């Protein structure tokens, strides 16, 4: 009998998770190296160091004294200088990273979110929703109620960014009406949005986890829910305790028709429509209501309001593209390859399910620190985490849940991540602030670790 040699091409054909992946760590053939990660550390020092310094000096808006898009430029320049490739190739990697579909999708959501927020504020839709909430929800349940609404919308829509884009203006309105901390409300929205994104079977993170680990959406959902739902219950209880009894507030009159844009957002999200379609319909409905209610003129009012919304997002738009470009350079130079394999090697001394699970969780979490995108980090670490799970007989549904939770729990608190940047811009607060009050994320990580360590199948 002739023994057939299995090539890498055969493996690719047999494994859809590998076949469909376009973010291979070794696409350029670069050797794994720590050196390409140094520019990322430079960005950390400049961005976080400057913000912390000005915070200690008591300067308002400390983290905006050195704009983040400017702070990342020296890191990009250093990355190009450290590259062994030609300048032309390095610029090509930079542009490829900036043009990644995930980066462009985020940037488009920023623009749509800015336009939607500006239009709904102008026509009074935000004020209407805020007063409706104050009218029907007890003051003591406003904070946990906001978490549940964000969780429901995110689970239905399958995207934390789309959820935050839609609900951030409402959160800002609540902070003004209730005189509560903007950072607290931002953290609550972030918690709910990340809960739904992590658990939803239609989110890009879940799809990436399912495909890379070779499991089904149903199995991943059931396994994920074992950790996510208890974490959500604890979070709701904590927010309820923190809210106290609530103070009486004056409910201002509102017109029901101003609720229509948000009714479209919530209704279409529950139906599972695409986030771009949902936001576009929300924008069109806001324009129609504004014109009928004479909130702005047909000639200039709509255009200027939408453009004002666009410009409010320019900082995070630029930073996301530049961070994507830096990530492209780091990946092309072997930095991410070095990071992923060294993290997994830390847990590979002894063969056991517990070590393998901790390695799977840690690999995606630390990879996410470098790329600031939970979907991309899951894909980049996909081969390594799948191999760890297979060798140590970790069930695919467990590894899929672990990679998703590892990426989610880190992504939600990154001050240079899309979610915190969007909330920082919307609430005019430091991008560090939302993560401080996003209590669901550390609770989820803690419950996951306890469940993993105390699980019945810790050893092979």
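Using N, Cα and C of the backbone, Cβ positions are placed for all residues, glycine too.
Per TrEMBL, transmembrane segment is recorded for 34-56 (among others).
If you look up TrEMBL, you'll see 34-242 (among others) marked as domain 'Na+/H+ antiporter NhaC-like C-terminal'.
Outside the transmembrane segment (62-83) by six or more residues, the chain places 35-36, 38-40, 42-43, 46-47, 50-55, 89-91, 93-94, 315, 318-319, 322-323, 325-326, 329-330, 332-333, 415-416, 421, 424, 430-432 with a CB less than 8 A from a CB of the stretch. For 62-83 (among others), the entry in TrEMBL reads transmembrane segment.
Same-chain residues lying 6 or more positions outside the transmembrane segment (103-130) and placing a CB less than 8 Å from one of its CB atoms are 97, 159, 161-162, 164-166, 168-170, 172-174, 177, 252, 254-256, 258-262, 275-276, 279-280, 282-283, 286-287, 289-290, 293, 295-296, 301-302, 305-306, 308-313, 316-317, 320-321, 324, 373, 418, 422, 426. Feature annotation from TrEMBL assigns transmembrane segment to 103-130 (among others).
Under the heading transmembrane segment, TrEMBL lists 136-155 (among others).
Annotation source TrEMBL lists transmembrane segment at 225-242 (among others). A Cβ distance under 8 Å defines the sequence-distant neighbours of the transmembrane segment (225-242), meaning residues of its chain 6+ beyond its ends; these are 140-141, 143-144, 147-148, 151, 184, 188, 191, 195, 198-199, 401, 405, 439-440, 443-444, 447-448, 451.
Residues or ranges marked as transmembrane segment in TrEMBL: 262-292 (among others).
According to TrEMBL, the domain 'Na+/H+ antiporter NhaC-like C-terminal' annotation covers 263-441 (among others). Here the domain 'Na+/H+ antiporter NhaC-like C-terminal' (263-441) has a mean pLDDT of 85 out of 100.
What TrEMBL records for 356-381 (among others) is transmembrane segment. The list of residues near the transmembrane segment (356-381) in space but at least 6 beyond its ends in sequence, with Cβ under 8 angstroms from a Cβ of it, reads 21, 23, 25, 37, 40, 100, 102-103, 204-205, 208-209, 212, 323, 327, 330-331, 335-336, 339-340, 343-344, 346-348, 388-389, 391-392, 394, 398-399, 402-411, 414, 416-418, 448-449, 452, 455.
Beyond the transmembrane segment (436-453), the same-chain residues lying 6 or more positions past its ends with a Cβ under 8 Å from any Cβ of the stretch are 147, 181, 183-184, 186-188, 190-192, 194-195, 198, 226-228, 230-232, 234-235, 238-239, 354, 357-358, 361, 401-402, 405, 408-409, 412-413. Taken from TrEMBL, the feature transmembrane segment applies to 436-453 (among others).
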